[in-house]
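Peer 1: Please read through the structure below; I'll follow up with questions.
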Amino acid sequence: MVKAAVLGASGGIGQPLSLLFAVSGLVDELSLYDVVNTPGVGADLSHINGKAKVTAYLPPNDGLQKTLEGCDIVVIPAGIPRKPGMSRDDLFKINAGIVRDLVTGVAKYCPKAFLLIISNPVNSTVPIAAEVLKQHNVFDPTRLFGVTSLDVVRASTFVAAVVGGSPTEYTVPVIGGHSGETIVPLLSQVSPKVDIPEDQLDALVNRIQFGGDEVVKAKDGLGSATLSMAYAGFKFAKSLIEAAGGKSGIVEPTYVYLSGVPGGEEVKEAVGGLDFFAVPVELGPNGAVKATNPLPQVTDYEKSLLKKCYEGLEGNIKKGVEFITAQGSKL
Ligand SMILES: NC(=O)c1ccc[n+]([C@@H]2O[C@H](COP(=O)([O-])OP(=O)(O)OC[C@H]3O[C@@H](n4cnc5c(N)ncnc54)[C@H](O)[C@@H]3O)[C@@H](O)[C@H]2O)c1
Ligand SMILES: O=C(O)C[C@H](O)C(=O)O
């Protein structure tokens, strides 16, 4: 019996993500939560003749508690998206409080669930989630994941656009964080190996780092990536559910609290002591099993990208942590 919840289920990401869960055959119950429209989204999805029983809640009458009780996996895409001209950090003001309150619910009602954070700025919202869980004495770093899989999905698509072939052929390690220069694609470690022409390297890296901006610009004020994000978020959730069910050898890049994940201390040392960082992580029955360390093999070019990444991430992480610690008392 697997119960999944989507918090922010009525939104641009939440709806297609919920659809993918509903038709996946991977979950027995799919629980939808949002501050608006979940009765409609829930009624609609409940007509699909899949195995998932769909339940839907709004905040009144203990809706969050009912959504979360018994959950094995919780995905949070709640919060506002960017408009042209905004950075992901500009979303902090509103989304930090939304993530804090929803994760407080997770800490109270399903502290052992896998928790996947999509809401931006991921570089800061994941540290917020960790601090909330710590305050409730239920923080298990092997179960908290910042979802960076859209960067990985984009990277393989954009690499194929340069070197040819099918995007699904390429596995590109994308490490660091999830915004602009904190996103670091390791093009020297693509599998199978690719040769990026020297004169196209900067443009390719830039496209991977700023791929989100392409969508924000094209949507012209109506939001950011939703469909590709739902795909990428579901892909990660599926890997996690399958690994929990016993499938071995699954590795997905994800933004984790390094100290609590096996292998993470070695990465932490290599990235100048940052507490959170995205690296390829092997998944198992209890979540993160091993963080792999791709840093010893990086090229000088990638080292220069990483320098900027570390600078940006340090401030983003601090901002998230301090948002909770400054509030002092228990949430
Ligand atoms: N991690 C990534 O790679 C990635 C990719 C794309 C978008 N995002 C982020 O995901 C978030 C959502 O994007 P979207 O396009 O779906 O936005 P959206 O505005 O379409 O949907 C957000 C939903 O969250 C709901 N919501 C707001 N406050 C809530 C609360 N307190 N509890 C529950 N639900 C609440 C809203 O009602 C809305 O339905 C944004 O912050 C966006 O930046 C992250
Ligand atoms: O670009 C955004 O704001 C949304 C998301 O983080 C993305 O990478 O598409």
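The count begins at 1 with the first shown residue.
Cβ from N, Cα, C; glycine included.
TrEMBL annotations: computationally assigned, not manually curated.
Checked TrEMBL, it gives:
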DOMAIN    3-146  domain 'Lactate/malate dehydrogenase N-terminal'
BINDING   Gly8, Ala9, Ser10, Gly11, Gly12, Ile13, Gly14, Asp34, Asn95, Ile118, Ser119, Asn120, Met229  NAD(+) binding site
BINDING   Arg82, Arg88, Asn120, Arg154  substrate binding site
DOMAIN    148-323  domain 'Lactate/malate dehydrogenase C-terminal'
ACT_SITE  His178  active site, proton acceptor
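Looking at the shown structure, what environment does each listed feature sit in?
Peer 2: Within 10 Å of the C-beta of Asn95 (NAD(+) binding site) we count 23 further C-beta atoms, all protein chains included. According to DSSP, Asn95 (NAD(+) binding site) sits within a helical segment.
For Arg88 (substrate binding site), other Cβ atoms within 10 Å of its Cβ number 23. DSSP assigns Arg88 (substrate binding site) to a helix.
In the predicted model, the domain 'Lactate/malate dehydrogenase C-terminal' (148-323) shows an average pLDDT of 97.
Under the three-state DSSP scheme, His178 (active site, proton acceptor) falls in the coil class.
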Peer 1: Tell me, if you would, which residue among Gly8, Gly12, Gly14 (binding-site residues) has the fewest other CB atoms within 10 Å in the structure shown?
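Peer 2: Lowest Cβ count within 10 Å among the binding-site residues (Gly8, Gly12, Gly14) is Gly12.
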Peer 1: Roughly how many Å separate the Cα of Asn120 (substrate binding site) from that of Gly8 (NAD(+) binding site), to the nearest whole number?
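Peer 2: One finds 13 Å between the Cα atoms of these residues.
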Peer 1: For His178 (active site, proton acceptor), which residues in the same chain are close in space, meaning a Cβ under 8 Å from its Cβ, but six or more apart along the sequence?
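Peer 2: Long-range Cβ contacts: Arg88, Asn120, Pro121, Val122, Asn123, Gly146, Thr148, Leu150, Asp151, Tyr255, Ala278.
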Peer 1: Would you give the longest CA-CA distance, in whole angstrom, between residues of Gly8, Ala9, Ser10, Gly11, Gly12, Ile13, Gly14, Asp34, Asn95, Ile118, Ser119, Asn120, Met229, the set recorded as binding NAD(+)?
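Peer 2: For the residues that bind NAD(+), the greatest Cα distance is 18 Å.
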Peer 1: Given the binding-site residues Arg82, Arg154, which one has the fewest other C-beta atoms within 10 angstroms of its C-beta?
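Peer 2: Lowest Cβ count within 10 Å among the binding-site residues (Arg82, Arg154) is Arg82.
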Peer 1: Of the binding-site residues Ser10, Gly12, Arg82, Arg88, Ser119, Asn120, which ones put their CB under 6 Å from ligand 2?
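Peer 2: Those binding-site residues that pass the cut-off, since their Cβ is under 6 Å from ligand 2, are Arg82, Arg88, Asn120.
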